[in-house]
Amino acid sequence: MLKARKVHFIGVGGYGMSALAMVLKQRGTAVSGSDVAASARTQRLAEAGVEVHIGAHDAAHIEGADVVVYSTQVPEDNPELAAARARGLRVLHRSELLAEFLNGRSIAVAGTHGKTTTSSMVACLLEKAGLDPTILLGGDLEVIGGTGKAGRGDWVVAEADESDRSFLRYHPRVAVVTNVEPEHLEFWEGSFARIQEGFRQFLRQVQPGGLAALCADDPTLRSIGQELRNQPGVVHVVFYGTHPEAEWRAENIRPWEKGIVYDCVRDGRLLGEVRLPIPGRHNALNSLGALVAGDYAGLSFRQMQETLLSFGNARRRFEVWADVDGIRVVDDYAHHPTEIRATLAAAREQAGRRVVAVFQPQRYSRTHWLMDEFATAFQDADVLVLTRIYSPPGERPIPGVSAEALARRIQANTGRPVAVISDQEEILRFLLAEVRPGDTVITMGAGDIWKVARALAQALQSRAVTRTASSGSGRPAPGSGR
């Protein structure tokens with residue numbers, strides 16, 4: 001495990017970075033960090049005793065540190081990173097530090113979609129069972145009050161990110177892989193075949209005798225799983241899903257008032273009913289992956305069944321902001337076409353509801369590579385608003401790639417008009433004029449589009465309070481004769 005007097009994190013407000021910073025702090029290491037903007041995560045770190053610098057990066061921020069941690073988003077000319085290298089300090093990529101946690105008794109959740117929800121489920125299963133795991137997530141989880149927690153138990157639960165090849169540093173005891181699709185192609189030479197090979201290599205790195213829990217509904221994972229099974233003694237492969245080859249199956253998936261319910265079948269034997277307080281067929285698959293991992297860790301099905309019944313998902317995963325006057329306001333991190341389809345389908349499951357969607361595309365490169373898939377991802381949206389493309393610093397626009405171009409492609413496919421609105425206040429005005437009782441309004445994207453959901457929820461609640469007050473003041477006073 002890392003030995004250091006003080007560790008400094010550049011970009012400490014990121015989900016993965018804040019998780020690592022919190023765990024080190026809770027384990028007694030002196031920690032500092034910097035970020036250009038304050039957030040709930042930087043505030044939590046400061047309250048925990050982390051020395052947090054907000055604003056422009058400055059070499060002075062690394063004073064006293066003997067280890068400096070950075071992420072892929074940090075450019076080489078960052079003054080703190082440059083100073084650390086110049087001073088000969090130990091400099092670690094985020095994934096190198098995470099690898100020190102994941103190369104022991106660990107459960108790593110990988111996949112193009114569903115990592116945060118699935119790893120959150122695994123974390124909750126082990127936490128509620130009293131195993132006190134160390135937890136490192138890519139989203140805020142209510143049960144631990146953030147993204148990271150240093151446990152006293154042997155198990156570590158974490159996300160294994162494929163986006164920048166980070167997961168190739170890890171050697172977990174258990175790997176849960178949800179799916180494999182084209183995404184983050186800029187890190188994989190634009191090749192889906194290279195992404196597939198990356199997942200193949202990651203699974204080969206599971207500790208000997210460990211477990212690979214793979215979603216059988218994904219053809220790439222079925223193929224890789226069969227390859228691994230043909231290499232006896234390397235890793236134990238278990239398939240889960242709805243596919244006939246799955247040992248752990250979700251059957252009879254159906255909605256219930258709070259989310260979804262399904263029959264959990266293992267090796268042809270009914271274990272029982274699993275009820276999730278979150279909607280979506282994809283979440284049935286996510287929970288199955290978590291059940292397989294929990295079973296490996298020694299948990300009983302009954303224990304896991306009870307924990308999932310009260311599961312509170314990570315923030316920005318079908319997060320309900322308000323339900324006012326029959327209008328439900330939801331926010332979701334969905335930013336890939338497959339995630340968008342699954343999220344809109346989950347919203348559509350609520351019978352009789354019109355779906356009003358607001359999508360913030362992220363990255364010109366993603367929009368360019370997946371334009372055809374995005375064009376067909378919004379069939380379940382009755383009303384659709386697109387914002388400008390949300391792009392990280394340093395990414396250059398690509399000619400012909402814009403929200404307007406995407407809107408034209410979607411409109412040609414659905415036959416329904418698509419509004420393109422850049423300003424969030426203007427989006428709010430549009431929604432307030434458009435929505436009606438019975439609607440589900442859902443904001444989607446990896447950027448700051450959640451602020452629209454928050455603003456809409458506040459506006460609807462304020463409108464309801466004002467209307468109630470007005471109707472109350474209009475009642476006749478006792479004895480007025482009206």
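Cβ coordinates come from backbone N, Cα and C, glycine included.
Cβ neighbour count for H113 (ATP binding site) (all protein chains, 10 Å cutoff from its Cβ): 22. Positions annotated as ATP binding site by Swiss-Prot: G111, T112, H113, G114, K115, T116, T117.
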Could you tell me which of these binding-site residues, T112, T116, T117, has the greatest number of Cβ atoms within 10 Å of its own Cβ?
T117
Other residues near the ATP site, CB within 8 A of the CB centroid of G111, T112, H113, G114, K115, T116, T117?
V109, T118, T178, N179, N286
